[in-house]
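J.: Below is the structure I would like to discuss, written out as structure tokens.
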């Protein structure tokens with residue numbers, strides 16, 4: 001059974017159990033109306049009380065089964081067959097009642113009782129539309145004794161009623177089949193809609209990630225970095241916590257890119273981005289590509305000393321890559337310069353001031369010969 005068929009079957013079972021629980025009260029009300037009507041017409045409760053008691057017990061049992069089935073999906077197959085059996089008992093009791101009290105009722109009383117039963121049968125074409133077996137197990141034991149009883153009556157009118165009932169049951173079968181197909185079609189449509197909504201949600205999530213991710217390095221892109229810097233700045237200001245910004249610049253990357261080619265340059269950026277990702281592990285921190293060969297790191301709630309240690313680890317991680325760059329005047333491998341700025345945002349401070357300080361620190365690192373870390377004071 002494929003996944004869609006399994007979902008449809010589960011929904012059909014849910015429909016059956018849910019509507020069975022709802023139909024209990026209606027069935028009980030009709031049964032009480034039947035008893036009190038016949039009592040009013042002269043048939044004493046002493047003759048119908050036992051039947052009513054057993055009927056109530058069966059209805060309560062069906063209600064319990066339906067509730068348990070809704071709460072315990074794993075055992076639904078067991079509850080389904082329990083519902084079919086109790087439905088058969090319910091129908092048999094209704095049919096037995098009509099059979100037993102047939103000669104005690106007048107023609108008009110029989111017709112009124114038939115109206116009650118017809119109402120139940122018509123309602124079951126909807127409440128049991130999910131299960132042809134449940135429908136047949138209820139309707140046939142109800143009406144077959146009634147039809148046979150009318151056929152056994154010597155009056156022509158009674159036999160005509162039996163024929164009308166056969167036609168009525170046939171028509172109910174057509175209605176039931178239409179309801180069953182409509183229910184199944186609606187469930188399939190809803191299942192497809194749910195699946196499409198799920199796929200759309202996944203697509204939107206992927207699209208959201210793509211919209212904030214740099215395609216080459218898979219780091220956060222510049223737009224998301226700016227949004228995150230503002231948000232972290234506001235959070236740090238409210239909580240009076242330190243915030244660190246690092247700007248990482250690849251030394252002499254243009255020479256490397258021009259001489260080795262853009263594909264090599266792209267691979268260099270990917271390797272350095274991977275090193276950043278391995279070092280920047282906290283959910284509160286962020287590594288992003290700012291543009292070209294510049295990358296940035298935000299460290300939330302990190303002291304200046306810890307930020308300096310972090311920058312050293314990051315530089316060591318990049319140095320350990322040993323990426324070749326023979327066109328650098330300071331080394332035969334790719335190196336980076338890092339500018340670090342740390343602050344506890346004051347009320348009047350602006351997030352741009354932190355970026356300006358980190359940028360100045362990076363400029364200082366370049367003035368100091370590159371391949372080093374500079375801390376903004």
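The backbone N, Cα and C atoms fix where each Cβ goes, and this holds for glycine too.
Checked TrEMBL, it gives:
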type	residues	note
DOMAIN	241-377	domain 'GGDEF'
TRANSMEM	21-38	transmembrane segment
TRANSMEM	50-71	transmembrane segment
TRANSMEM	78-101	transmembrane segment
TRANSMEM	107-126	transmembrane segment
TRANSMEM	133-152	transmembrane segment
TRANSMEM	158-178	transmembrane segment
J.: Can you tell me which parts of the same chain pack against the transmembrane segment (21-38), counting only residues 6+ beyond its ends and a CB-CB cutoff under 8 A?
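T.: Hits for the transmembrane segment (21-38): 45, 48, 52, 55-56, 59, 62-63, 66-67, 70, 90, 97, 101, 105, 109, 112-113, 116, 119-120, 123-124, 127.
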J.: What stretch, picked from 50-71, 107-126, 133-152, has the most CB pairs under 8 A with the transmembrane segment (78-101)?
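T.: Most contacts with the transmembrane segment (78-101): 133-152.
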J.: Cβ under 8 Å, sequence separation of at least 6 from the ends of the transmembrane segment (50-71): give me the contacting residues as numbers and ranges.
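T.: Contacts with the transmembrane segment (50-71): 13-14, 17-18, 20-21, 24, 27-28, 31-32, 35, 79-80, 82-83, 86-87, 89-90, 93, 96-97, 100.
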J.: Short question: which residues 6 or more past the ends of the transmembrane segment (107-126) have a Cβ under 8 Å from it?
T.: 19, 23, 26-27, 30, 33-34, 37-38, 41, 94, 98, 135, 138-139, 142-143, 146, 157, 161, 165, 168-169, 172, 175-176, 179
J.: Which residues of the chain, 6 or more past the ends of the transmembrane segment (133-152), have a CB below 8 A from one of its CBs?
T.: 16, 83-85, 87-88, 90-92, 94-96, 98-99, 102, 114, 117, 120-121, 124-125, 158-159, 161-162, 165-166, 169, 172, 176
J.: Mean pLDDT across the domain 'GGDEF' (241-377), rounded to an integer, is what?
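T.: It averages 93.
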J.: Provide the three-state DSSP residue tally for the domain 'GGDEF' (241-377): helix first, then strand, then coil.
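T.: Taking the domain 'GGDEF' (241-377) as a whole: 59 helix, 34 strand, 44 coil.
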